[in-house]
Amino acid sequence: MATPHINAVEGAFAETVLFPGDPLRAKYIAETFLENVEQVTDVRNMLGFTGTYKGKRISVMGSGMGIPSCSIYATELIKDYGVKNLIRVGTCGAISTDVKVRDVIIGMGACTDSQVNRLRFKGQDFAAIANYELMNAVIESAKVKGTKIRVGNVFSADLFYTPDPQMFDVMEKMGVLGVEMEAAGLYGVAHEFGARALCVVTVSDHIRTGEKTTSEERQTTFNDMIVMTLDAAITL
């Protein structure tokens, strides 16, 4: 039952999919944290895997960069493969001065400069929010592990190289915690097709201060976030 962008067989994906942007990061998650791993799709080298974590079946697949790519894969996973829970895991740039590099942000809502949710909502503004049950599961997992998290709005940008740095002042004033490129689209797709979605990201760099994590710090923080998210996923 291959789709135009996924060549997995029926039943290849678990109900819960971790959804990093980078397909090689998906491979890393599968090989590092899952057992009994099987690669289930590789169209356009957008790799997807299914395995088990602490006995529960879990999948992980790359989404690509940006809302259009993420929305394509999310739609096909939900509509054609019966995926119920999509959890974006990745990195972001911090906006707020009280957010630090290596912090973990849970995107309770996603602002955006994209028009995609207006298109699906007949020209009106749609509140792109995370699913409460998924968000609560990750928050509880963070409490158990003692992981410091921030919960609030992220901004899903269409442009990586923004021509309007003054927009950062507006974002900070409005309490936006970090900038990434997918969550608003993912949340819109999930709402449209009756699935559940969440965005969990680590702060790899600070847009206002210029501070950045080293590659070693980035990997350690990312690993901690993945374990926290997987421990939440097995409770769903």
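Even glycines carry a Cβ here, placed using N, Cα and C.
Keep in mind the model is a prediction, meaning the values are calculated, not measured.
The active site, proton donor annotation in Swiss-Prot covers D205 and rests on sequence analysis. The DSSP secondary structure for D205 (active site, proton donor) is strand.
If you look up Swiss-Prot, you'll see H5, E180, M181, E182, S204, D205 marked as purine D-ribonucleoside binding site. For the recorded site, E182 (purine D-ribonucleoside binding site), the DSSP three-state label reads coil.
As annotated by Swiss-Prot, phosphate binding site applies to G21, R25, R44, R88, V89, G90, T91, with the evidence given as similarity to another entry. DSSP assigns G21 (phosphate binding site) to coil in the three-state reduction, outside any helix or strand.
Spatially close to R218 (site 'Important for catalytic activity') yet at least six residues away along the chain are T91, T202, S204, judged by Cβ distances under 8 angstroms. Sequence annotations record features per position, and here Swiss-Prot assigns site 'Important for catalytic activity' to R218 based on sequence analysis.
Cα of D205 (active site, proton donor) to Cα of G90 (phosphate binding site): a span of 12 Å. Counting only same-chain residues six or more apart in sequence, the Cβ atoms lying under 8 angstroms from the Cβ of H5 (purine D-ribonucleoside binding site) belong to V43, R44, M46, I72, Y73, E76. Overall, the recorded purine D-ribonucleoside-binding residues H5, E180, M181, E182, S204, D205 cover a maximum inter-Cα distance of 32 Å. The binding-site residues in question are E180, E182, and the one with the fewest Cβ neighbours inside 10 Å is E180.
In sequence order, the binding-site residues near R88 (phosphate binding site) (Cα within 10 Å of its Cα) are E182, drawn from E180, M181, E182. Under the three-state DSSP scheme, H5 (purine D-ribonucleoside binding site) falls in the coil class.
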